[in-house]
Structure formats: C-alpha cells, structure tokens
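Below: the structure, in structure tokens.
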C-alpha cells in the first residue's frame with residue numbers, strides 16, 4: 001500500500017481524462033484508474049486508457065466490462081452513424097444515455113470500497129458536444145447524491161467530485177497536457193476510428209481535439225485520416 | 001411494440017422488487033425488467049428474477065453482467081462472512097458500496113434509450129438493513145439528478161423514480177404480494193444460500209422475510225435451512 005491518499009479517476013483514454021488524471025497526481029493522489037468497456041464503437045480508446053494509466057503509475061487500473069449496447073440509444077453503442085458535419089447546437093446522437101451517471105456511480109462504488117474520498121472526472125462544458133452530464137450542475141448534484149447514497153457519506157466522510165477541466169477550453173486542456181508533461185499522443189479521442197489506427201478527423205470529438213491544439217498553438221500529435 | 005407506456009423495473013429476484021414490479025404492472029406499465037449479475041454471493045436470486053419477469057409478462061428482461069467484485073468491500077461481493085446474529089443498528093457488511101446508485105443509473109440509461117420515463121425500485125426503509133441507498137432522501141435526490149443528467153430531463157421530460165414500498169413494513173409487503181396475486185415462493189431473499197436450494201434462515205434478509213410473513217399472518221412459502 002502506498003502512503004498517499006487514493007483517488008478514483010475515470011480514464012476513458014481521451015485527452016480530457018488524461019489531463020484530469022494528471023491533475024489528480026499533481027494534487028498528490030495515488031490513482032485508481034477506472035475505464036469502462038461498454039462495447040463502444042471506439043473501443044480502441046481502452047488501449048489509450050492503458051497507456052495513460054501506466055504513464056501516471058496508477059496504483060491499479062480496472063477496465064470494467066459493462067455492455068451498454070444492451071440498451072442502445074446512441075451512435076456509440078448502436079448501429080447509428082456518427083455525425084461528421086461539425087459540432088452543432090443540439091445534443092447529438094453520440095450522447096450515451098446516462099453514461100456519466102453510470103460511470104460516476106461505478107467510481108463511487110470503488111472509491112468507497114477502497115477507502116478513497118476523491119473522484120476525478122475530465123468533463124468540461126465549453127468546447128464539448130453539449131452532453132447534459134458534462135455540466136457543472138450535474139457534477140454538483142452527483143456530489144450531493146453521493147453523500148446520501150453511501151455509508152461513508154452518512155457517517156460524515158463525504159466524497160469530493162473533482163472536475164478540474166470544468167471551465168477550460170480545449171486549448172486550455174492541450175496546454176495543461178503540455179504543462180503536466182503528458183504526451184497527448186497517448187490519448188485517443190475519435191468516435192469512429194479510421195483504418196490504420198487513425199483518427200477520422202471529422203467527428204465532433206476529432207474536430208474539438210484538433211481545434212484545441214490549433215488554438216493553443218501547440219503541435220497536434222494526432223494522425224487524422226481527413227484533416228479537420 | 002406494445003401500446004402501454006414502458007417502465008424500467010429493477011428486479012433483483014427478492015420479495016420487494018417482485019412487489020414493486022407488481023405495482024408497475026397494476027399502474028398500467030409494460031415492464032422492462034433489469035437485473036444485474038454483479039457476481040453476488042447469492043447469484044441464485046437471478047433465477048428468481050427470471051421467474052418474476054416471466055410471471056409479470058415483462059416486455060424484455062435484461063440480466064446485465066457487471067462484476068462488482070472487482071471493487072470488493074462487501075460481504076456480498078468479497079470473501080467476508082455474512083452476519084447471522086440478527087438485524088443490528090449499524091450498517092452491516094452486506095452493504096454493497098453505491099449499489100443502488102449504480103443500479104438506478106443503469107435503469108436510467110435503459111429508460112432514456114427506450115423512451116420510458118418511469119423507473120421502479122423496491123426499496124423500503126422500515127424493515128431493512130439500514131442501507132443508506134434505500135432511504136426516501138436518496139430516491140428523491142436520484143430523481144433530481146436524473147433530470148440534470150439526461151437529454152430527456154434537459155428537454156423537459158424528466159423521469160419519475162417510483163419507490164412504492166418506501167413506507168411499507170415487511171408485513172405490508174407480504175400482504176401486497178398476496179393482494180397482487182404474486183406467489184412469494186417465486187422470490188429469493190437469502191444472502192447466503194444453504195445447500196439444497198434453501199434459504200439459510202439466519203442472515204438479515206431471511207430474518208426480515210420470515211418476520212414479514214409472520215406479522216402479516218400469512219403462510220411463508222420459503223424453505224429455510226434453519227428456522228429464523
């Protein structure tokens with residue numbers, strides 16, 4: 001056992017969760033990295049999650065199988081095309097119903113079992129796809145729920161949900177990766193991977209990623225099939 | 001597709017969730033039954049869940065594998081003995097960290113994907129083991145979270161979390177089963193099954209079950225290895 005306090009960090013394999021994990025380490029936590037194999041179209045992100053957990057010397061990395069395609073309802077878990085026309089104003093079909101609620105619940109379960117009181121999630125609500133469960137009010141409500149839901153909370157040891165990227169743009173996040181010495185090339189963002197292990201370049205997630213590096217004036221290590 | 005509105009019902013296989021499912025049907029819903037195979041010690045409850053889903057003519061029954069023993073921290077998912085000394089005042093080691101938060105999150109995901117706006121859960125906070133995530137304040141907080149967390153909620157179509165057993169005693173629940181014409185013998189409560197497919201008779205869950213039938217003055221169809 002390590003002497004540092006533990007934090008459960010949701011590590012999808014994307015740029016945002018990589019930076020959130022970097023913040024957890026910078027804050028002095030040892031990392032329990034949690035990834036979910038939810039039968040997502042871009043399962044390749046789990047290889048990125050493994051690279052990130054290793055680079056951040058996670059105490060443990062659990063890749064939990066949970067087949068959300070049993071429910072469907074999203075372009076990431078059902079046979080629905082991933083939109084490629086650019087980031088719009090509406091919540092897009094890549095939204096996975098209740099995904100962050102499910103993921104934070106799992107992180108909460110692990111945290112309580114492991115004696116951790118801190119959870120990290122890499123949501124941000126500026127350069128994002130408009131998913132409701134990325135907004136600050138969602139994160140705050142989950143923290144309140146966690147206190148009521150758990151033995152630890154009831155016994156006066158509530159959980160803190162850290163969302164350190166909450167008010168950052170994608171450019172800020174790209175800069176943070178560089179500042180923390182994390183190679184952004186480890187991470188994976190694309191929803192609809194192109195042949196040859198390339199990012200498609202056209203889905204919302206690719207467009208936001210490319211825009212972030214460009215606006216930050218930083219080199220983008222990503223190989224895109226089509227330049228966004 | 002059926003014409004009746006759909007409700008996602010968490011069906012563990014126990015007496016409480018059986019009666020909650022009966023309430024859902026009585027209220028006119030077609031049932032999407034959700035059970036979780038979380039590597040629980042009493043996995044036999046899933047056979048009971050299947051009997052119940054069939055008896056209530058569920059539109060669909062999903063038994064979702066989700067191995068919570070990856071996290072441990074409970075007598076139901078780790079190598080910790082199930083207490084047999086009687087129901088105490090403290091939250092017992094059979095508490096599974098964040099279990100109902102996880103289960104309701106999954107139910108929420110399915111509900112949103114299926115266009116359902118109603119969820120049923122069989123929690124009650126009178127004759128229970130003191131689990132924090134069985135209390136009315138938890139259920140109310142989850143309903144609030146669900147509104148913030150989802151596309152449907154944001155678009156003004158929030159979810160209703162029904163907990164029809166919330167203020168019932170176990171005797172009330174045993175009576176409800178009879179009133180609804182549901183054979184309590186279909187259900188399974190025991191945390192630590194005895195050989196020969198018997199309820200152990202000594203765990204909290206067996207004791208509460210037996211007490212319910214006794215106080216209701218109803219025949220208890222359960223075969224206990226040791227009479228509670």
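In case you wondered, yes, glycine gets a Cβ from its N, Cα and C as well.
Record features, source TrEMBL:
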BINDING   B:11, B:12, B:13, B:14, B:15, B:16, B:17, B:18, B:19, B:20, B:21  ATP binding site
BINDING   B:190, B:200, B:203, B:206  Zn(2+) binding site
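For residue B:11 (ATP binding site), the same-chain residues 6+ apart in sequence whose C-beta sits under 8 angstroms from its C-beta are B:17, B:18, B:21, B:33, B:34, B:35, B:49, B:52, B:53, B:58, B:61.
Neighbour list (residue B:200 (Zn(2+) binding site), Cβ cut-off 8 Å, at least 6 residues apart, same chain): B:82, B:84, B:190, B:191, B:192, B:193, B:194, B:206, B:224, B:225, B:226. Here the Cα atom of residue B:203 (Zn(2+) binding site) is found 15 Å from that of residue B:15 (ATP binding site). Residue B:206 (Zn(2+) binding site) falls within a helix when secondary structure is assigned with DSSP. Neighbours of residue B:13 (ATP binding site), defined as other CB atoms within 10 A of its CB across all chains, total 25. Around the Cβ of residue B:17 (ATP binding site), 26 further Cβ atoms fall within 10 Å across all displayed protein chains. Counting only same-chain residues six or more apart in sequence, the Cβ atoms lying under 8 angstroms from the Cβ of residue B:15 (ATP binding site) belong to B:170, B:173, B:174, B:177, B:184, B:187, B:189, B:209, B:212. For the recorded site, residue B:11 (ATP binding site), the DSSP three-state label reads coil. Within the same chain, the residues at least 6 positions away from residue B:19 (ATP binding site) whose Cβ sits under 8 Å from its Cβ are B:122, B:164, B:165, B:173, B:176, B:177, B:180, B:182, listed in sequence order.
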